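**Student:** If you scroll down you'll find the structure; I have some questions about it.
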Ligand SMILES: Cc1cc2nc3c(=O)[nH]c(=O)nc-3n(C[C@H](O)[C@H](O)[C@H](O)COP(=O)(O)OP(=O)(O)OC[C@H]3O[C@@H](n4cnc5c(N)ncnc54)[C@H](O)[C@@H]3O)c2cc1C
């Protein structure tokens, strides 16, 4: 039993897993996967196996300590993917971090908790023809997933006197007051000099013009996401709350005997039954086994699922579309367009021809979406920014010690606690199809960070800085994810092409974002004491003309790390999954993760993923008479 990990049912070696056959196999112990595994194993008569490629999250400080959130990127808990050269970014490649650890991306993300607009969900209901995905119908799942801990409740960690600006949750706000689920959510645990500037600037602009696009909001999660203010974040009692800490570990620690978790192990492909007798309709490929490996050349092992296999391996890592919206694992399993599979030397199990001349797909490319993000660092007139801490290991050690003692102080806070969502000006939408889900859904976002962000350049040795992150949260450009080769299976990184700024609408939208930032930073809260000194960064000597701004965009854009859409749900034949998230054209496989979103959520998507997964767990239970 050399592969036995911390818990009696957490395994690191496939030969130690006690069974070969389970009722359900969940691929990926990430954000969605842990919700599914935990909810399904609530039924003691069902055996559930979760297979995770990455590591155990236990004791990893950069995961636990909210302030260290940025340190996970590029580390051993990140898949460390990169895109192919992006044509409109001067052929730069850009990073694609994804969680390679229990909790998946919920363990390495920046913890912002935004539920999306009412319009987003109502649009999903319309696209799928399933009212169960509407805003109103999902209230019960929202409440099931999250518990709101206001800072005043966790006052032992952050005494309210040290952060008096945190407004209490509105008394009649259903998103905040009714939650009783395992994910802990709070607002800024520690005050920051930018909090007042952002909140006051938006209040001021709204006072000057009641129809201001920069309005202030006390809560972005009511169904109308527009506005500036404090964001909510997945921290509770001063530390990160992930799908591992909120769902998986409590289930394992409660000695749930019917739940087994295998880590350090990749699912390589899905397999059909050894005999066809269990499949009554042999014209439809039926998958009931997964083949797994711990290294590209290592031994392969098989596990089978009596009821179904749930793919929760994320929009990039597994469920990519090969031009036709077919998940990568399915492709590696021989389900896909015959000519593409043969080209890659994969035995064809089921020929699923390409979706061609579909206006929706040809407009948007291949349905891989992410939010383009423009990073701008500003040199500022302040000695309170967090740069001095980044330069001083002794100060860091002191703050870490304080966090370790009682989960208080700066390290209990996430790097960005204030942000704003905005609509584009109406004029910019004339004559174009609005990419946002509806009037309560934004097009643009600004996130404020009180330090230099060293994504492109190292922190200068002296000086103080802030960073503004401008994002297009309703982009029109879309890209594709394709298999690089059949060799190496899921050990070979797929070709990720976001096609950033591929649609000129997005260039115009980002130009508007730059102009909006100039307007916002010209208000008194920012201009007093000449707070903003200058922009720093590549190609930034002058941002006067449109051409200079576009050049700056090409040099300084990455994404917000929110890939979605590669196995979209919908009611059309070309949609990879139906509204119950079952993969079309095969039996035995369901997808539950960010890849099923038909459009990109105009928000940070983890809350959307948790809500999706909570409903998906009930759909699975219904289909297998567990409810
Ligand atoms: C750096 C970063 C910052 C972010 N910041 C925010 C934020 O502040 N707020 C927000 O709302 N969202 C944020 N996001 C996005 C959000 O975290 C994701 O959209 C969401 O967590 C995706 O959930 P998922 O279940 O689809 O995939 P994941 O949570 O990524 O889970 C997929 C899991 O499957 C595993 N896996 C993949 N392939 C295999 C295989 N072949 N075999 C076995 N296991 C496999 C992976 O290791 C992973 O654990 C961020 C993401 C990143 C990476």
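Here the Cβ of each residue, glycine as well, is placed from N, Cα and C on the backbone.
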**Student:** Need the matching range: TrEMBL marks region 'Disordered' on one of 160-179, 180-199, 200-219, 220-239, and I'd like to know which.
**Tutor:** 160-179
**Student:** Pick out which of the binding-site residues 101, 267 has the most other Cβ atoms within 10 Å of its own Cβ.
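**Tutor:** The residue with the most neighbouring Cβ atoms within 10 Å is 101.
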**Student:** By a simple count, how many Cβ atoms lie within 10 Å of the Cβ of residue 605 (FAD binding site), its own Cβ left out?
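**Tutor:** A 10 Å sphere around the Cβ of residue 605 (FAD binding site) contains 27 other Cβ atoms.
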**Student:** Look at each of the active-site residues, 562, 604, and point out the one with the fewest other Cβ atoms around it within 10 Å.
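**Tutor:** Per-residue Cβ counts within 10 Å for the active-site residues 562, 604 bottom out at 562.
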**Student:** Taking the Cβ of residue 606 (FAD binding site) as the centre, count every other Cβ atom within 10 Å, in any protein chain shown.
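**Tutor:** Residue 606 (FAD binding site) is surrounded by 27 other Cβ atoms within 10 Å.
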**Student:** Under a three-state reduction of DSSP output, how is residue 605 (FAD binding site) classified: helix, strand, or coil?
**Tutor:** coil
**Student:** Check the Cα distances from residue 604 (active site, proton acceptor) to each of the recorded positions 101, 267, 562 and keep only the ones within 10 Å.
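**Tutor:** Correct set: 562.
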**Student:** Out of 101, 267, 605, 606, the binding-site residues in the record, which is closest to residue 562 (active site, proton donor) when you go by Cα distance?
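**Tutor:** Nearest in space to residue 562 (active site, proton donor), counting only the binding-site residues, is 605.
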**Student:** Calculate the per-residue pLDDT averaged over the domain 'Glucose-methanol-choline oxidoreductase N-terminal' (22-372) and state the result as an integer.
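**Tutor:** Looking only at the domain 'Glucose-methanol-choline oxidoreductase N-terminal' (22-372), pLDDT averages out to 82.
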